[in-house]
Amino acid sequence: MWTFFSPGGLELILFISAIIFFCLTEEADLDLDVPMTTQYTAKAGRDVEVFIPLKGRPAPNVTWRRSDRNMAGDNRYTINSTERSTTLRIPKVTRDDCGKYVLEIENGVGEPKIITVSLRVLDSPSSCQKLIIKNVTRGKLTLSWEAPLVDGGSPVTNYIVEKKASTMKAYQVISAECPNTSYKVTGLEEDVAYFFRVSAENEFGVGDFCESTEAVRATETPGAVKNLAMLDSTKTSVTLQWTRPDHDGGSHITEYIVEKRSQDEVNWSLGATCKRCTCEVTGLRENAIMDFRVFAKNEKGRSDFSQIGPIPVIDFIILPEASLSDYPNGELAVRIGQNIHIELPFKGKPRPAISWLKDNLPLKESEKIRFRTTDNKTAVTVRGAKKENAGQYTLVLDNRVVKNYFDINVITLGPPTAPVGPIRFDEIKAQSIIISWDEPKEDGGGEITCYSVEKRETSQANWKMVCSSVVRTSFKIPNLVKGAQYQFRVRAENKYGVSEPLSSSDVIAQHQYKPPGPPGKPVAFNVTSDGMTIKWDAPGFDGGSPILGYHVEKKDRNSLLWQKVNSTIISNKEYRIIGLMEGLEYSFRVYAENNAGLSPVSEQSKHEVKPQISHLIQRSIFFNLEFCCAFPLAVPDAPGTPDATHITGDSITMCWTRPRSDGGNEIKHYILERREKKSLRWVRVSSKRPITELRHRVTRLTEGNEYEFRVMAENGAGIGPASSTSRLFKCREPTSAPSAPSVIKVGLFENRIHIQTFYL
């Protein structure tokens, strides 16, 4: 709004309204107006349906995860998502279904949102964890374990401990009410090997059992060593490795005894003794096939043995191998700016030489690229990853026997490259332009979510956003200024950022064709008392664009202003006009319209009313006339120039003088018209009754606006010409007492005195 002051001190207020067109986007989020919960509890065997209401524009993309695993491909779960919600259905839940479910929503606007849903399943507990046998002595031992990972939605009340001899099939209960996670078992027979198992119990039932893996004797000697394996071999030696027994028999293990036997020998012989869980047996014959067994020994004696074999005494060759288990599908995704770190465990005998390649070219160490290698691992680190650091990294292991290659494909995640141009102008109009482009060559490791389109007039430096969420590779840019020169630019966007812009060449917002030529002169026919039909010819030149239709205007003989007749475009080349006043002469003109605009108006019509015979008298009538008087009838002259006698905030009282001549017929009434300043259109002043006096109060005016007036007289012959236009009068409340009349006219009419006052 701007406020100005005229020289006379009047305050003028100018209001300017603007319509802003923009593409509405909304960040993906929960719709908190809809009831929901993120805490669910259900009994085992029931179906659970998790409902999450959503909002956002464009519609959010939904991803359900559990333990960092995408649930979309799991047939156990049913996921249904719409624009306004997502539903996760879990049928017949068990204790394994309890825990946290993670929902990620994003739509390219703002940051992704994470919602965590907790499910509690009321069921018996899961199995106990890590059952260990310790403190083994004669006739007794101690069991210890860890509580179940899942308590079934109810605290564990007690544990059930059972045992069985290795030669038996059925377990027997040792204790049904053990409150702790350990239990001392007594009364065991020394020469019997036992298995043990433990289960947890809550208010919903007894959980699954956790069983011991090996049978145990309750003696004072140690248990057997575990996980016996060959570590290495040469032409004259074999290296073995194992893990300590589960129990030591109640006293410290003093040493391990390794015995050997070749295939052609019957008796076992001492191979070596050691105090650690790794031992090399030397002095063997090349190519011999050997068996080995290992005992643990404490002060009470030897344990049962663990045996391995046959093992050939040869140089043991391990093919070079690297583990890619930490890199699913052999890929590593890294955000631009972060470090690329690839670490691979390897093995091989002889020990392999290590080198790295990048896109099949040797990778050399520098300040940015670092290598690190230990006995069984090698790593490469690239600091501050850039787009060009993406590609295939290859670990080469070479031990002179064989050379193996292990590839890791590194993907750098970042904004996409700029859209592929040039920007095409598919349609150019005066108010809009349709542009199109091609997708970026690289998506930056993330799906293209949308494009943003900007514009600027070439005469200005600033860019203006047109729409920031265009989902296709074309867009119609509206609300352009006809004739202005524009430049446009487009950016691609993914969840990692926005690309560099693709700019267009300059283009002028104008139609590519011209307005049509004027139609032919309209001709009237089928004339009635209140209407007539006009027709015309099509323009000789259509401007290069099909004619959309026509518009018709009319004007009566006494009017200066043309009035549009049709409210909608006319598709034909003739039109019926009704609501005309009988006896008035009218002129018509026509103009055509195409996509470029309106044509010049046609030549206006000149309607001449031909005489019509209404009655035909079949007999002759003769008159003898002494004389004949003729009285010509004409429309009245123009009244005097109207003037204002009283002004308020919403009304003006106007007065005028009679025409000099009434045209030989009595004046029926007057027609008063008004027009606002700077307007071309005259508006007839409405009145409930015909205006028969020489004054009239014009109401429903706008305070502060300026108006001018004219008046016409009407008699039996028709409406006379309009008076001269009055000066401008401004609607406003009087600020002081009215002044005395400037002019007073006094007249004598039929023995009455008539006084008229005029304010100048």
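For all residues, glycine too, the Cβ spot is worked out from N, Cα and C.
For reference, TrEMBL has these:
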{"type": "DOMAIN", "residues": "35-116", "note": "domain 'Ig-like'"}
{"type": "DOMAIN", "residues": "124-222", "note": "domain 'Fibronectin type-III'"}
{"type": "DOMAIN", "residues": "224-316", "note": "domain 'Fibronectin type-III'"}
{"type": "DOMAIN", "residues": "320-394", "note": "domain 'Ig-like'"}
{"type": "DOMAIN", "residues": "419-512", "note": "domain 'Fibronectin type-III'"}
{"type": "DOMAIN", "residues": "518-612", "note": "domain 'Fibronectin type-III'"}
{"type": "DOMAIN", "residues": "638-734", "note": "domain 'Fibronectin type-III'"}
{"type": "SIGNAL", "residues": "1-25", "note": "signal peptide"}
Number of helical, extended and coil residues in the domain 'Ig-like' (320-394), per DSSP: 6 helix, 41 strand, 28 coil
Residues in the domain 'Fibronectin type-III' (638-734) grouped by DSSP into helix, strand and remaining coil: 0 helix, 38 strand, 59 coil
Residues in the domain 'Fibronectin type-III' (419-512) grouped by DSSP into helix, strand and remaining coil: 0 helix, 50 strand, 44 coil
